[in-house]
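Working notes, structure below.
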Amino acid sequence: MACLELCKEETWKEEQAECTQDGSIDWHGHPAIKTKSGQWTAGIIILLNQGLATLAFFGVGVNLVLFLTRVLGQNNADAANNVSKWTGTVYIFSLVGAFLSDSYWGRYKTCAIFQVIFVIGLVSLSLSSYLFLIRPKGCGNQEMPCGSHSGLEITLFYLSIYLIALGNGGYQPNIATFGADQFDEEDPKEGHSKVAFFSYFYLALNLGSLFSNTILGYFEDEGMWALGFWVSAGSALAGLVLFLAGTTSYRHFKPSGNPLSRFSQVLVAAIRKCSVDMPPDADELYDVDGNDSPMNGNRKILHTDGFKFLDRAAYISTRDVDEQKKGIQSTWRLCPVTQVEEVKCILRLLPIWLCTIIYSVVFTQMASLFVEQGAAMKTTVSDFRIPPASMSSFDILSVALFIFLYRRVLDPLVASIRKKGARGLTELQRMGIGLVIAVLAMVSAGIVECYRLKYANKDCMHCEGSSSLSIFWQVPQYAFIGASEVFMYVGQLEFFNAQTPDGLKSFGSALCMTSISLGNYVSSLLVTMVMKISTEDHMPGWIPGNLNKGHLDRFYFLLAGLTTIDLIVYIACARWYKSIKLEGKNAENVDDQDSFKL
């Protein structure tokens, strides 16, 4: 009705064409008008914001372990442990941000609040480093150690970096979804732009980290920590100002309330009616209009087969009929079909999500074992030394290249080969391809390690640069990782955004981040198990301190084998998966059940 009142001087068809059809609203709470909100005007602002925020975050995170060892004087083990805790906290806070966004605040407010916290944390870190921690002046490089610090100064440092973790963690899962909100998926043209947005979003993320890994990383490595932190703070502040400047042009979705209570209501209602005889026709199940839904007006989800036990929550018993006549109704006894289907959607997503964790184990090797492997190779070209960590630049360049190739070459080619009007590769197909390329990355890394060992001096005491094999032989494994990211992580972002209900979009993005977090933990567990088993009988193990006496290649091949097994399980889960069915959603996305099949 609000849309009709807003456009009352035009015909009904013109009103429908002018207003978005996905339920989005403008800054004033009115139905969003296509020509005055969202689309690429808002999308580009959000992409720039993401690039600046990523530059700021990695400006701290990329060399945090060096700061802990050189400035605060921690040993390598303690510093690595503290960085792992800090990184894990970022991903935990992503769940907090997603919950607040979907339940109460909405994505715009959540992004704005957590970006303010992010900026405060960066400014606090910059000030404390400049005033208290970098003493004497110029310390913190490889040559000059820093002095001791008081407990208050150390506390201020940790408070700062955990404010950064809170700010970035709460912001990150919401900004990708908020960017996707700017495109109406009910409109074929905007729906195509929405799919493209995720590719450009991941590209913006990588370009931001490229600057941090190279320019800022160099300054910080040379001991100019305060300068690096101030640049990060300035970048985050610029991103926040840019984000706020686009306020009136954004499209929004109303938060849908606490999803935990909705899930609990479905489970309790289904258990209460576990003994009833269900009707064969799903049309007899209870449902309500979108405006009367407990999900705050989000689009209705149509009934699907599977998890039939949960359908009992929507069964209308004689007691429910009597309560309705009296004007009372318990949400813990009777839930609409849309609420039941929301629970089914999450249950169907979980197996797919679990299959992405092993991929994240492969991805995390780029920041750990790949760097250690590179440090034991020839890292000099003439008189110039190549920092092993900087080889991740080839990963970022690979991401940029393969995003272009996929968007401009591969996707149109696949669409033209298929039937007329068909889409290119589906999200599930792309994620499967990402797993295949991840296997190739591990095989490539294992082969390089075999040759590195062949040309290594195994009797060396300090084994950095002990092999005559050039570090540039690592380029293929970094390039494979970059290519796999385009298919896996971009596909994952699109998939979870498309397949989560309207009230849980940020939660879908948070699943991607928690996959990376769990990948870190699983990787640590694997390394611990491998070392425990391989060091029996007084053997040095596969990954000893001196890599020339170990067999890092076997660990890489082990990961390749585990990823192959994961791929087989993933294919089975993908073939079982049934896509969400939203009322009124474009038939291309929902009616064709094969659109999400391998």
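Using the three backbone atoms N, Cα and C, a Cβ is placed for every residue, glycine included.
Just so you know, TrEMBL annotations never went through curation; they're auto-generated.
Quick look at what TrEMBL lists:
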- 44-68: transmembrane segment (TRANSMEM)
- 89-106: transmembrane segment (TRANSMEM)
- 112-134: transmembrane segment (TRANSMEM)
- 197-219: transmembrane segment (TRANSMEM)
- 225-245: transmembrane segment (TRANSMEM)
- 349-371: transmembrane segment (TRANSMEM)
- 391-410: transmembrane segment (TRANSMEM)
- 431-451: transmembrane segment (TRANSMEM)
- 471-490: transmembrane segment (TRANSMEM)
- 511-535: transmembrane segment (TRANSMEM)
- 555-577: transmembrane segment (TRANSMEM)
Worksheet entry | Distal contacts, the transmembrane segment (225-245) - CB-CB under 8 A, six or more residues away | 45-46, 48-53, 55-57, 59-60, 63, 67, 71, 111-112, 115-116, 118-119, 122-123, 125-126, 129-130, 133-134, 140, 212, 216, 219
Worksheet entry | Same-chain residue ranges lying at least 6 outside the transmembrane segment (349-371) that approach it to Cβ under 8 Å | 388-389, 391-392, 395, 428, 431, 434-435, 438, 441-442, 445, 474, 477-478, 481, 484-485, 488, 492, 495-496, 499-500, 508, 511-512, 515-516, 518-520, 522-523, 526, 543, 552, 555-556, 559, 562-563, 566, 569-570, 573-574, 576-577
Worksheet item: With pairs 6 or more apart in sequence, are the transmembrane segment (555-577) and the transmembrane segment (89-106) linked by at least 3 Cβ pairs under 8 Å?
Response: no
Worksheet item: Under a criterion of three or more Cβ pairs within a distance under 8 Å and sequence separation of at least 6, are the transmembrane segment (197-219) and the transmembrane segment (511-535) in contact?
Response: no
Practice prompt. For the transmembrane segment (511-535) and the transmembrane segment (44-68), decide whether they are in contact, meaning at least 3 CB pairs lie under 8 A, counting pairs 6 or more apart in sequence.
Written response: no
Worksheet item: Restricting to the same chain and to residues at least six past its boundaries, which positions have a Cβ under 8 Å from a Cβ of the transmembrane segment (431-451)?
Response: 352, 356, 359, 362-363, 365, 370, 373, 425, 469, 473-474, 476-477, 480-481, 483-489, 491-492, 495, 552-554, 556-557, 559-560, 563-564, 566-567, 570-571, 574, 598
